[in-house]
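**Q** To start, I am sharing the structure in question, which I have written as structure tokens.
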Amino acid sequence: MKNPNIIQPEDLRISQIIDANLDRAREGLRVLEDWARFGLGNEDFVIRIKNFRQILGKNHLEIYKLSRNHIEDQCKGLSHVEQINRNSSSKIISSNSARVQEALRVIEEFSRIHNSKLSKIASEIRYEIYTLEIEILNFNTRKRAQSIISKNNLYSITDPRENLLEIIEKILLGGVKIIQHRFKEGNDKDHLKEAIEINKLCKKYNSLFIVNNRLDIALASKADGVHLGQDDLDIKTVRKLLGASKIIGVSANNSTDINKAVKDGCDYIGVGPVFPTLTKKNKEPLGEEKIKALTKELNIPCFAIGGINKLNISSLKNHGISKVAIVSGLLNSEDPKDEAMIIIKELSHEN
């Protein structure tokens, strides 16, 4: 039975336009759906995108499909240089989201007179995609950062010194992929200026830049995330202010604080101190056995911290600890690049 609300367009070209753009929208949605499924493992995104695809498929009527004439389409196969430059998952997400949004806008306009139902559907889905694109991009960015943290065993933490940028670049050249900026002296202007410069270096070497404690500096310097102590703002508050795309690390030294941090949604945990250290003078070292006991059941990355250097890496490895955060053990080295390379190799070595 024919739907009385759907009128066959008198101009065949209108049906062709709608058909082509329904194809575009559905194809773009399929790209987004497959990345949400295989790249991000996000069931919520998959369900939402699949629903949009099914709705458009149901409304891809025969009157539109029968108008298709690829043989006489003089513009088929045209491409643009920007299509070649989609060299990251974020660019693929953005370009295919735009493809869907633009196609839906065309459908909305050209179906308004003869198929008001389709026009309304296109409008509603288009606005949903505007929001979904940002959600996917944020999740994708955070997923990348989480992957770097998961795959890399050495985490470098800074302390104030005159030639810090030079040292950090050497550490990055040594293969370190995570840098945390800890700034306990000076004023906020100097702190921010230094943070911005370190972030530039990290981006140059495709590494993560984390700011210790200071949410405001993390936001202003466009850091990849922030690392919190037990006396800092809580994770849920920081997440609201920081946004969904950034990562949050937490320092903890007991099971209660560790379990709470995991429950509240942190991305990784720093546990320590393992050994005596000048950066945590007032804290009793936990020792290797305690660190292992605290972290063995966790399903997020955990970095042991405190008094760690290349001389005790082997002992940590013997206790099943393979992810470490190091401060002076790298910064005070005569050759930070070689030191980083040696430690990374030692951490990756199977016992």
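Placed from the backbone N, Cα and C atoms, the Cβ positions cover glycine too.
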**Q** Which of these, S150, S251, does Swiss-Prot list as part of the 4-amino-2-methyl-5-(diphosphooxymethyl)pyrimidine site with Q180, H181, R182, F183, K184, N212, K280?
**A** S251
**Q** Just the number: how many Å between the Cα atoms of S251 (4-amino-2-methyl-5-(diphosphooxymethyl)pyrimidine binding site) and D232 (Mg(2+) binding site)?
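**A** Cα-Cα, rounded: 10 Å.
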**Q** Restricting to the record's 4-amino-2-methyl-5-(diphosphooxymethyl)pyrimidine-binding residues (Q180, H181, R182, F183, K184, N212, S251, K280), give me the longest CA-CA distance in Å as a whole number.
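**A** Answer in Å: the longest Cα-Cα distance is 16.
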**Q** Among the binding-site residues listed here, H181, R182, K184, K280, whose Cβ has the fewest other Cβ atoms inside 10 Å?
**A** K184
**Q** Should K280 (4-amino-2-methyl-5-(diphosphooxymethyl)pyrimidine binding site) be counted as helix, strand, or coil on the basis of DSSP?
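**A** Helix, per DSSP.
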**Q** Reduced to three states, what secondary structure does DSSP give K184 (4-amino-2-methyl-5-(diphosphooxymethyl)pyrimidine binding site)?
**A** coil
**Q** Using DSSP reduced to three states, classify S251 (4-amino-2-methyl-5-(diphosphooxymethyl)pyrimidine binding site) as helix, strand or coil.
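**A** Reduced to three states, the DSSP call for S251 (4-amino-2-methyl-5-(diphosphooxymethyl)pyrimidine binding site) is strand.
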